[in-house]
Every structure is written in C-alpha cells, then in structure tokens.
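Trainee: Structure in structure tokens, see below.
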Amino acid sequence: KSSKREWKPLEDHSCTDVPWLLLFILFCVGMGFVCGFSIATGAAARLLSGYDSYGNVCGQKNVKVEGIVNSGLDLTHKKYVFFLDPCNIDLVHQKIKSIALCVSACPRKELKTLADIQNFAETNGSTLCSYELQPSEYTTDPRAAKLCPKFPVPESAPIPFFHRCAPVNISCYAKFAEALITFVSDSSVLHRLISGVMTSKEIIMGLCLLSLVLSMILMVIIRYISRVLVWILTVLVILGSLGGTGVLWWLYAKQRISAGALDTQVAKDNLQALLIYAIAATVFTVILFLIMLIMRKRVALTIALFHVAGKVFIHLPLLVFQPFWTFFVLILFWTYWITVLLFLGTTGSPVPNEEGFVEFRMAGPMKYMWWYHVVGLIWISEFILACQQMTVAGAVVTYYFTREKRNLPFTPILASVNRLVCYHLGTVAKGSFIITLVKIPRMTLMYIHTQLKGKENACARCMLKACICCLWCLEKCLTYLNQNAYTATAINSTNFCTSAKDAFVILVENALRVAAINTVGDFMLFLGKVLIVCSTGLAGIMLLNYQRDYTIWVLPLIIVCLFAFLVAHCFLSIYEMVVDVLFLCFAIDTKYNDGSPGREFYMDKVLMEFVENSRKSMKEAGRGGGAEGRELKPM
C-alpha cells in the first residue's frame, strides 16, 4: 500500500470541476442574451418611458399598429402615463385595469367634474381624456363619460425615472391594502401606522444599529457563555419532560377517582385518552433521558468547538463582515434580475386584445425566456451563497491547519477568495446546481398548491404537502452535505463528488457527535437570536414609550424586531458555519493523527484537552473492551 496520506491539508491546489465552470459561464452568457434581447426589442424604452393602451410609447414618435385606431401617434411632448381609473387594481393578474394615456402633466390637485378636467387641459395643456376628444368637447360630447377619467380624479405625481402618474393619497389603494393586510379595515389605521414609522424613523435606525452591535458582541463572547447555555438547555429539557409527564399522570389519577361518580362514555373515553398520553409521555421521557445519557460526553465537544470558533473570529475579524458582502452582491444581482424581468414584461410584438387595446406578447421559442430567467434567479443566488460557504470554509481550514498562528496569511479571507476564484468556482457551480434541481420542483409544487387552494380534494392536498415536505428535507440535507463538501475541497483540492463522498464518510463515522452539535449547538444559537431580539425589543419599548406624537407604535417595534432577528440570523449562521467547518477539520485531524512524532495534531489547546479527557475515559471504561470504551476512542 502507498504510504501517501489520503488527506493533505493545504499541501497543493488544483482546479476542480472545470466542465461545470464552463457550463455555468455559458448559462450566464444566456442570461446576458435574455437581457440584451429585451433591450433590443424596445422593452427598456417601454418600461422607462411608459406606453398607453394603444401601444404608443410616451415621449416619442410611434409606428402604426395594424388594426388599432389611436396607434402611431407623435407623443413627443406627452411624457407621462396617466390611468383613467388608477385605483382599479386586478389582484389576480397584478395590474391596473384601466385605459392608459400619454399626457403632458399629471394632475397636481383633485379634479371633481368634467369642467375641472377641461380647465386643467386649457391651463396646463395636458389632455386627460382619450385622444379622439378635444378639450372643448369634454363637457358637451356624450362619449366623455367613457373616454374621460373616473371621478374624482385623485391628485397625482410622477414616479421618479418611470414617468407614471401615481395617486398621492394611498387611500386610493384601500382595497388593495386590505387584501394584503387583513387587519387594516380602515384607511385611518393604515395612516396612523405609517405615520408612526415616519415619526420614529430615527429610533428605528438606532435600534437596528443596536441589533448589529449586539450581534457582533455576541459572536465574540458566546465562547465564554456556551457552557451556561448548555446547562440551560439541559435543565429546560429535564424540567419540561418531567413536568409534562407528571401532569399527565396527575390528571389521569384525578379523572380515575372521579370516574366512578360519572359513569358515562365520554368520561371513559377521556380517561383512556389520558392513560395513552401519559404512557406515551413516559416512554418519550425515558428515551430522551437515555439519549442525553449517551450524548452527555459529546456535549463537551460542542462547547470546545464554540470556544475555538470564538478564537477564529478574533484571528479572522473579516469573517464578521462576510454576511454584508454576500448580501450586497445578492442585492445587486436581484436588482439586475428584477430589472430584466420588468423588461421581459414589456417585450414582444404588439398584438390587439379582445378589448381593442394593445398587448405586447412574445411568440415562438422566445416566450420560454421567462423560465430560463427564473432558473437563473435560483441558480445564481445559490451560487453566490455557495461562494460565501466556500470562502468561510477556506479561511477556517487555513486557520485550523496552520500550526503556528503567527504564520497565518495577512488576510486569510482574501487568500480564501483568491483560491476560490482560481481553483474552485466549478465546484461551487456544481453544488449550487444540485440545490437548484431540488428547489425548482419544490417551488413548482408550492405554486400548484397555491393555485389549487380550495379546489383539490383532501387526498391530493395531502400528497402535495407530503411531496413539498420531502423535497424541503432533501434540500436541507443536500445543503448541509454541500457545505461539508466545500470544506473537503478547501482542505484537499478534490472535485465536488469526491469531496462529498469523503465528507459523508467522516460524518457517518461521527454520527452521534454530529447529532450533538446540530441539536445542542443549534439551540445555543437560537437562544442567542432570542437574546438579541428581546434586548432590541426591550430597548425599543423603552424608547418608543417616551414618544407621544403618534398613537400606534406597534409597527415600528415589529420592524425593529424583524430586523434584529434577520441580523442575528445572518451573523450567527456564519458562526454555525464556522463550527461545522471546525468539526470536520477536527474529525479529520483525529482520524489521521495521533499526537506521535511526525503525526502531531493540528488542533487548538481546548480541543486537545477534550481529546486527552476522552483518552482517559477510554482507559478507565474501556479496559475490558466495552462499547463505551470503543466509542470514546479518538476517531
């Protein structure tokens, strides 16, 4: 057999999964083609300048559309889109069901009669009725009832950059708001909520900054309070299980004593149900205690990993800012994606519809560009998130497998980014594509379930939900395996499939330790999120209580708490990622090294103490070759 070691941390680097990188580049070129096609077909002009119901683009000369009377007009001086009934919103198709015209100016005050519209046209030169009516005919022509705006015409203002006249008073969209926000039945409530947000915007910004600072502080100090959090978890689990079981048996005994006086079928059924519940709770409690007894010695590893993770953030402070860069890149991509989506919504050839107006539709294979664009949203978003995982994994691997921390690169994060760009983009593309393959059918089933809500039978609804749940579980498992595969790639520079197989073998060999880290560790991080949200919410209540200028400040508090949870989740998810990477490095270290000369451990002093304690326990409990001794043997 070859004496060459299977794992060679940071010894060499090579390009991985190059064909997948080429496939991803080709896909991105296709995304660029979709954008270029939508711009070349005039969709950008129609989106930015706006167009009327007859296919005319506002602010320019237009070409005649066959079969449409008012098409092909010169609207150079009419640069704004005006809707005759702007409040008539179709919630199903997400559009305004109204005739659109190009006008010279938006009405800056409410118009209540045809005389007001005529006066506005004569004063401002902006005709708000259909093109075939002259301003002098507004009050005399009987067609004005259909070809002029619905009264009263609300005060409007142009939307910046998009040249659409939008009502200034949001009560115009009262029905739309009620459809989205069920608790708002009165527009005055909505006004008070929004005024509360606007009045307390400085406090909201300050509290959001507070949640950011608290998250950073918690990431540094969590290694000192991890043991306390574990004890809190243990006490809560013990008290909860014992208390619940005891209450059920007490209720059963009480019901049994009183069952003699009430000899009814209902009383017997309740007594039998309580007995079943009490037995089930007892079995659950016994199983839970056995699991805690088995895993009690593995909780120490979780505490040690959290302690080392805190040191990682001290040596690699740029890790704290990793969520910012990822979020910033995602925002840029989502902005681009939404812009192209809006372009696609106005691209295509003008086609008359059944109402005699113009719609822009794509024909032939081009109409499937929507689906290509949606797949691009999922794949590229997952690719960006996977780049973050690979970057964090590379930086933590560099920290762990560098014996002298003084010899660390000046910026391990940038060194990790450099290795990602030079060697491992193909691996990231392949891993993100696998997640996309699972996410697309799940989202499709969710869409079908939403569309068939109330129409399908119970069996179909149950099958749909079961499929969605199974796909969700598969996606979570693949995400976790992908993250460990990226770590294996960062260690050994192997391709995705080889890395995933190696990481899976390591995880299976340490299944109980993985379970301990993912249960105890996740609960500790959850407590951290709760701590940040509660602290921010308490500070918000104290500050908002001194504000007397508005009546409702529930919405500002909800906004602050949601933002605090989002920030805490982003930061602590990075912490969780670091712990997972450290665990895989630790498992590999203990499997291929034993501390002897030439095979020294790479691990931190805290993890070394854990290994020494495990060896002592192995010697004490495993001299007879028992199972416990074998379990405590270093991997």
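Cβ atoms here come from the backbone N, Cα and C positions, even for glycine.
TrEMBL does not curate its annotations; it predicts them automatically.
Relevant sequence annotations retrieved from TrEMBL are reproduced here:
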type	residues	note
TRANSMEM	20-45	transmembrane segment
TRANSMEM	203-222	transmembrane segment
TRANSMEM	228-253	transmembrane segment
TRANSMEM	274-294	transmembrane segment
TRANSMEM	300-320	transmembrane segment
TRANSMEM	327-348	transmembrane segment
TRANSMEM	368-401	transmembrane segment
TRANSMEM	523-544	transmembrane segment
TRANSMEM	550-572	transmembrane segment
Trainee: Given the cut-off of 8 Å on Cβ pairs that are 6 or more apart in sequence, determine whether the transmembrane segment (368-401) and the transmembrane segment (523-544) share at least 3 such pairs.
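Mentor: Contact criterion not met.
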Trainee: Given a Cβ distance threshold of under 8 angstroms, which distant residues of the chain, six or more beyond its ends, lie next to the transmembrane segment (327-348)?
Mentor: 31, 34-35, 37-39, 41-44, 46-47, 51, 360-363, 366, 369-370, 373, 376-377, 380-381, 384-385, 570
Trainee: Would the transmembrane segment (203-222) and the transmembrane segment (274-294) count as touching if the test is at least 3 Cβ pairs under 8 Å, pairs 6 or more apart?
Mentor: no
Trainee: Find the member of 20-45, 228-253, 523-544 that has more C-beta pairs under 8 Å to the transmembrane segment (274-294) than any other listed stretch.
Mentor: 228-253
Trainee: Grab the same-chain neighbours of the transmembrane segment (20-45) for me: Cβ-Cβ under 8 Å, and only residues 6 or more beyond its ends, written as numbers and ranges.
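Mentor: Sequence-distant neighbours of the transmembrane segment (20-45): 57, 60, 336, 340, 343-348, 360, 366, 369, 372-373, 376, 379-380, 383, 425-427, 429-430, 433, 496.
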